[in-house]
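Single-structure report; data block below.
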């Protein structure tokens, strides 16, 4: 199918065709236009601190080796032997000077170069040009305050430009907190859902919390417990939503809402964060310092999500149109007491890990919504994301990006899917930029006409 003129998402991101969650042909197109073009999360500095340290990660449906080099830099390569295509590294993580294929024994350095071939002189003579047979390298690897992302496309904007307005909201936590650590290895589980279903849920959906998580809310003591069953709405001014040019966005829930998913840790988290916020008020200003202590439910387009303060860090690795492998890490602040780090990491797996009770709540929604996207009658129906439409602003004096000043809305949905439509209808970054030249004007319309 030619997707160049195929409207899967309406202008302003108000509706999406249900088939985007279930169509296998479209999924293959996404691998070319989304996974091969955008910045994808690989790992964190804290997981590969020393030369020779490596992890394996996913970029779309491809697996890569991410390795710390002898000079401290980080490079990434397809986890595929150049001889006969076997998977090179089976371990999730380790430390090695190089990698040897278990099929025919070809050996590659941690820099990706082909270094040794059994019986090279006897079998190949002078015909083997090892310089041309190194591992295929990921074109771009960059860091956002220790969080490492890779991109196959040389024409992509820098990682910082790609994050765009979303970076301003993330930096109080990722940078000014004193730094973060990622606790691995990740918990992994396969769900029968399209990768976009969890990505959109985490991009800023506070609307579902009272219904979907009613039973979970009732199990603990937190400021969010009163929302069980949508008994009450969050008070006016409880938060905001934002989105950016390249699709990354989030919901922000101010102040005391931060510890909802780790209810038993709320007193410790509030005490730890409160002391640091006082310092940050002076260093970076009241609003960024308030963001540091608030709860951000964010998706970095396309498939990396984080719940700050709750310590939840997700990667939604696509397998096919209706299957996703979910990787769940915990994020902790570097200067947290070790006991608090451990307990927060445990709380992440208990709530949003493979068997977490909040995770289980969400998975049923995501799976059935995705599976219905491939059914004959429902696939061409429109899914709606018009909550708060007409109230969003761009160019706010304080808050960057397109902003909806309500805790509950779908501002970030619309921005996510506007970027998605621009990518699937574009052949390259230049075409995406042309399609996005009026992005904030589209998203701040007051009418759908």
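Including glycine, each Cβ sits where the backbone N, Cα and C put it.
Now, the feature entries from Swiss-Prot:
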BINDING   81, 83, 101, 104  [2Fe-2S] cluster binding site
BINDING   208, 213, 362  Fe cation binding site
DOMAIN    39-137  domain 'Rieske'
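Each residue contributes its Cα atom, and for residue 83 ([2Fe-2S] cluster binding site) and residue 208 (Fe cation binding site) those atoms are 49 Å apart. Around the Cβ of residue 104 ([2Fe-2S] cluster binding site), the same chain contributes 83, 84, 118, each under 8 angstroms and 6 or more positions distant in sequence. Summarised as a single figure, the pLDDT of the domain 'Rieske' (39-137) averages 98. For the binding-site residues shown (81, 101), fewest C-beta neighbours within 10 angstroms: 101. Reported as a whole number, the C-alpha separation between residue 101 ([2Fe-2S] cluster binding site) and residue 208 (Fe cation binding site) equals 47 Å. One way to see the shell of the [2Fe-2S] cluster site is to take the Cβ centroid of 81, 83, 101, 104; the remaining same-chain residues with a Cβ within 8 Å of it are 82, 84, 86, 88, 103, 105, 106.
Non-local contacts of residue 362 (Fe cation binding site) by the CB criterion (under 8 A, 6+ apart in sequence, same chain) comprise 198, 201, 212.
Secondary structure of the domain 'Rieske' (39-137), assigned with DSSP and counted as helix (H, G, I), strand (E, B) and coil, comes to 11 helix, 39 strand, 49 coil.
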